[in-house]
Amino acid sequence: MSSRAHPVDGSPATDGGHVPMKPSPTRHKVGIPPKQNMFKDFMYTFKETFFHDDPLRDFKDQPKSKQFMLGLQSVFPVFDWGRNYTFKKFRGDLISGLTIASLCIPQDIGYAKLANLDPKYGLYSSFVPPLVYACMGSSRDIAIGPVAVVSLLLGTLLRAEIDPNTSPDEYLRLAFTATFFAGITEAALGFFRLGFLIDFLSHAAVVGFMGGAAITIALQQLKGFLGIKKFTKKTDIISVLESVFKAAHHGWNWQTILIGASFLTFLLTSKIIGKKSKKLFWVPAIAPLISVIVSTFFVYITRADKQGVQIVKHLDQGINPSSFHLIYFTGDNLAKGIRIGVVAGMVALTEAVAIGRTFAAMKDYQIDGNKEMVALGMMNVVGSMSSCYVATGSFSRSAVNFMAGCQTAVSNIIMSIVVLLTLLFLTPLFKYTPNAILAAIIINAVIPLIDIQAAILIFKVDKLDFIACIGAFFGVIFVSVEIGLLIAVSISFAKILLQVTRPRTAVLGNIPRTSVYRNIQQYPEATMVPGVLTIRVDSAIYFSNSNYVRERIQRWLHEEEEKVKAASLPRIQFLIIEMSPVTDIDTSGIHALEDLYKSLQKRDIQLILANPGPLVIGKLHLSHFADMLGQDNIYLTVADAVEACCPKLSNEV
């Protein structure tokens with residue numbers, strides 16, 4: 001607890017004889033910013049909100065030809081970094097491109113199954129979108145393609161509208177429609193510079209959602225891993241486990257389990273080897289492809305498919321056919337496609353931007369978030385017209401891409417070429433690939449999404465964040481992916497509303513032998529001047545919190561008056577509000593200050609404001625509250641305010 005100063009010989013002193021250090025004899029008045037007309041004020045706010053990075057700064061004072069080239073480079077960064085591209089960079093991109101291709105091919109086949117689509121659509125989605133991104137994206141390290149979480153989310157949302165088994169053609173059309181509008185959503189957010197909207201999904205909520213989705217995805221793989229033919233369509237953990245145990249007596253296939261368990265052990269071992277030595281990064285990257293080749297050959301020579309081992313069977317050969325004519329632009333399915341596309345697009349965008357920023361920070365370069373959104377959006381728009389479903393940045397592939405020494409987005413082009421060759425010549429070889437291998441590959445891929453260390457850190461740092469994390473996690477695994485996402489968004493919004501409507505306030509005291517005033521709970525040695533109560537408001541004061549701020553200040557005052565009365569100290573005569581953290585105030589906030597001022601007047605307590613910012617002091621003058629309060633009751637610092645109050649204090653108890 002802080003100590004309270006006691007008056008000695010009529011002058012305010014503190015325990016131990018401490019007297020607050022006097023500020024400079026020159027007392028500065030609080031500056032009032034020059035008046036701006038409404039249009040200029042609006043344009044300034046608009047610019048700071050949407051164009052704070054001044055995207056046109058490079059275009060200033062440049063000739064038309066230079067501006068055209070800068071504009072072209074802005075939309076297609078390939079024209080920027082492509083000018084300085086060298087064979088040395090190509091060598092790094094070639095190695096990383098071949099490495100991520102070996103990882104993506106088996107993953108794509110499995111991820112397409114998560115979305116309830118034919119495996120070929122997974123390969124299609126790693127051919128066209130990476131080519132578009134390579135031309136328009138600003139990240140050097142991100143690897144594009146289908147990902148587990150988005151595939152599961154898309155499959156769950158689509159299945160809720162159309163059964164893929166009874167109406168496969170309509171289901172496919174809705175998938176392309178959702179992909180188209182996912183791209184439109186992403187591109188629109190970037191074009192209109194609304195990227196800050198994805199920040200409403202907090203890091204804690206994303207950690208919980210991803211962890212829950214990873215467990216859900218792993219549980220879904222038990223169908224292929226155990227060789228179960230009849231499996232629930234639901235994704236919650238109770239329904240899945242119930243389906244698994246019901247099939248235990250007659251539905252499990254021991255050959256399938258043996259294949260899946262053996263290669264999952266191999267994949268996990270390769271991952272451990274890769275972590276132990278950075279030089280062996282290629283081991284876990286190439287392990288999935290080795291698993292597919294070996295298991296496919298084993299099933300082919302033993303004809304294990306005749307013993308109940310489920311295989312991929314037919315995989316169409318050839319490149320992506322056009323699908324523009326399959327997209328719904330009218331009818332009931334249009335609204336469904338828009339709704340699913342917006343949700344899938346936002347989740348895909350959140351994951352991709354987070355991955356891009358992570359690896360950009362590692363290599364000390366910047367990515368333009370809004371340009372990234374446009375690039376990601378355009379690749380999905382083009383993808384939807386070429387038989388692709390929602391693609392985004394893959395963390396596992398991007399990590400391998402980074403470790404392999406990629407230099408530019410050319411690594412995505414190399415990967416696309418390898419996928420193209422696979423589609424043209426190698427797809428028949430996947431006929432005997434066992435589903436258990438695809439299940440093992442997906443389980444191995446989603447394990448890193450369960451970030452226990454991050455959850456522990458969130459719990460230690462912020463309990464409210466942890467509630468968002470755990471709420472999203474349990475929502476996904478016990479109900480459904482979309483409910484988990486809804487919980488994640490809802491709790492994130494609730495936290496924002498709570499912080500806005502219930503801002504923190506603090507009682508300030510003087511740090512001994514200084515003119516500095518700080519929170520008495522943070523600095524127990526800080527002392528309070530008798531007869532003066534100093535309170536800091538740590539937020540802008542708006543209609544949403546103005547009543548709370550006024551009531552909280554009055555409660556601080558009431559509590560302090562009770563302490564003063566019990567200790568027979570001079571009563572509170574001055575209430576100082578430290579306003580430096582108050583960045584803005586609206587009419588409701590000003591009205592709350594007026595009510596507080598009138599209430600204090602009735603109790604013979606003078607209200608004083610210290611260090612209001614330019615926006616705040618300007619509005620206080622425009623509303624005439626500054627005149628009501630009196631110019632001599634507005635000070636530049638708390639120390640100035642306390643110094644002015646001290647001679648006016650009486651010893652009245």
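Glycine too: its Cβ is placed from the backbone N, Cα and C atoms.
Residues or ranges marked as domain 'STAS' in Swiss-Prot: 522-645.
Annotation comment: Swiss-Prot describes 1-30 as region 'Disordered'.
Residues or ranges marked as topological domain 'Cytoplasmic' in Swiss-Prot: 1-91 (among others).
Away from its own ends, the topological domain 'Cytoplasmic' (138-141) comes close to residues 77, 356, 359-360, 362-363, 365, 367-368, 371-372, 375, 393, 398, 401-402, 406-409 of its chain (Cβ-Cβ under 8 Å, at least six residues beyond either end). The feature topological domain 'Cytoplasmic' is assigned by Swiss-Prot to 138-141 (among others).
Long-range contacts of the topological domain 'Cytoplasmic' (275-280) within the same chain: residues 403, each at least 6 residues beyond the stretch ends and with a Cβ under 8 Å from a Cβ of the stretch. Taken from Swiss-Prot, the feature topological domain 'Cytoplasmic' applies to 275-280 (among others), supported by sequence analysis.
Proximity of distant same-chain residues to the topological domain 'Cytoplasmic' (361-372), defined by a Cβ-Cβ separation under 8 Å and at least 6 residues beyond the stretch ends, is recorded for 53, 55, 74, 77, 136-141, 189-191, 193, 195, 352-353, 402. Feature annotation from Swiss-Prot assigns topological domain 'Cytoplasmic' to 361-372 (among others).
Cβ atoms under 8 Å from those of the topological domain 'Cytoplasmic' (431-438) belong to residues 106, 109-110, 113, 224-225, 227, 256-257, 259-260, 263, 291-292, 295-296, 299-300, 304-305, 309-315 of the same chain, restricted to positions at least 6 beyond its ends. Look at Swiss-Prot and you will find 431-438 (among others) tagged as topological domain 'Cytoplasmic'.
Here Swiss-Prot flags 488-653 (among others) as topological domain 'Cytoplasmic', drawing on sequence analysis.
For 92-112 (among others), the entry in Swiss-Prot reads transmembrane segment.
Look at Swiss-Prot and you will find 117-137 (among others) tagged as transmembrane segment.
What Swiss-Prot lists as transmembrane segment is 142-162 (among others). Within the same chain, residues 100, 104, 107-108, 111-112, 114-117, 122, 125-126, 129-130, 133, 170-171, 174-175, 178, 209-210, 213-214, 216-217, 220, 233, 235, 333, 336, 340, 343-344, 347-348, 351-352, 355-356, 359, 379, 389-395, 397-398, 400-401, 411-412, 415, 442, 445-446, 449, 480-482, 485 sit at least 6 positions outside the transmembrane segment (142-162) and bring their C-beta atoms closer than 8 Å to a C-beta of that stretch.
When Cβ-Cβ distances below 8 Å are used as the criterion, the transmembrane segment (174-194) is approached by residues 50-51, 115, 117, 121, 154, 157-158, 161-162, 323, 326-328, 333-334, 336-338, 340-342, 344-346, 348-349, 369-385, 387-390 of the same chain, each at least six residues removed from its ends. Positions annotated as transmembrane segment by Swiss-Prot, on the basis of sequence analysis: 174-194 (among others).
Counting only same-chain residues 6+ beyond the ends of the transmembrane segment (195-215), those with a CB under 8 A from a CB of the stretch are 148-149, 152-153, 189, 237, 346, 349-350, 353-354, 369-370, 373, 446-447, 449-451, 454-455, 458, 462, 465-466, 468-477, 481, 484-485, 488-489, 491-493, 495-496. For 195-215 (among others), the entry in Swiss-Prot reads transmembrane segment.
Under the heading transmembrane segment, Swiss-Prot lists 254-274 (among others), citing sequence analysis as support.
Look at Swiss-Prot and you will find 281-301 (among others) tagged as transmembrane segment. Here the transmembrane segment (281-301) has long-range neighbours at 99-100, 102-103, 105-107, 259, 263, 266-267, 270-271, 273-274, 309, 311, 400, 403-404, 429-430, 432-434, 436-437, 440-441, 444, meaning same-chain residues at least 6 beyond its ends whose C-beta is under 8 angstroms from one of its own.
If one looks beyond the transmembrane segment (340-360) by at least 6 residues along the same chain, the residues whose Cβ comes under 8 Å of a Cβ in the stretch are 138-142, 147, 149-150, 153-154, 157-158, 161, 174, 177-186, 189, 195, 198, 201, 206, 366-367, 369, 372-373, 376-377, 380, 390-395, 398, 402, 482, 485. Positions annotated as transmembrane segment by Swiss-Prot, on the basis of sequence analysis: 340-360 (among others).
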Counting Cβ pairs closer than 8 Å, which of 92-112, 117-137, 254-274, 373-393, 467-487 has the most of them with the transmembrane segment (439-459)? 254-274
Report, as numbers and ranges, every residue of the chain located at least six residues beyond the transmembrane segment (92-112) whose Cβ falls under 8 Å of a Cβ in that stretch; write 'none' if there are none. 118-123, 125-126, 143, 145-148, 151, 282, 285-286, 288-289, 291-292, 312, 315, 389, 394, 396-397, 400-401, 404-408, 410-415, 417-419, 422, 430, 433, 437-439, 441-442, 445
Confidence summary for the topological domain 'Cytoplasmic' (431-438), mean pLDDT rounded: 94
